[in-house]
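*Asks:* Got a structure here, written out as structure tokens. Questions coming.
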Amino acid sequence: MVSTENLRVVLLYSKMTEVRQRLLSSLSLHNVTVGPNDEQVGKDFYKYFFTNFPDLRVYFKGAEKYTADDVQKSERFEKQGRRLILACHFLATNADQPEIIKAYAREQVIRHRPFKMQHALWRAFFDVWLGYLASRGPVDEQTKKDWIEVGTIFAEECVRYGKEIGVGHD
């Protein structure tokens, strides 16, 4: 006989597997790819970001006054864009594995230590991400909810761990 707790875990896993599939689909539908010749996708994210969220440029030392044209010409944002798009693929691929997402979140906190980020930015990234996806085509409400759900798992762990090790601020 299956216990109530085991049934709950099975149902949650099944739900998160569906979330995973929708997130991966959203990446494919919006042509957000990670192939060897896809550097433009990451640049496009940062062009969107720098155009629509100029107040957050302060977190990009040396690029505080960059325009979309500057981002387009930047080797730095080509590389950083690739890493970011790969990170979003990683989150989508592991949407049904919250412990993997949390481990990845802790690694990102360590990597971002020098930037002295506000804790709220971890979650805010996913609003920016959804805006970027929407700039590439329509995003349905369920997919938005799914990205926010995975983003919340990620962001809550970033904040929790950041506070634990004294990284970031409110």
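Each Cβ is built from the backbone N, Cα and C atoms, and glycine gets one as well.
Curation plays no part in TrEMBL annotations; they are all automatic predictions.
Below, the features straight out of TrEMBL:
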{"type": "DOMAIN", "residues": "15-163", "note": "domain 'Globin'"}
{"type": "BINDING", "residues": "H112", "note": "heme binding site"}
*Asks:* So for H112 (heme binding site), how many other CB atoms are inside 10 Å of its CB?
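*Replies:* Its Cβ has 17 other Cβ atoms within 10 Å.
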*Asks:* Please compute the mean pLDDT of the model over the domain 'Globin' (15-163).
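*Replies:* Here the mean pLDDT over the domain 'Globin' (15-163) amounts to 96.
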*Asks:* Look up the residue listed as 'heme binding site' in the DSSP assignment and reduce it to helix, strand or coil.
*Replies:* coil
*Asks:* When DSSP states are grouped into helix, strand and coil, how many residues of the domain 'Globin' (15-163) land in each?
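*Replies:* Counting residues by DSSP class gives 116 helix, 1 strand, 32 coil.
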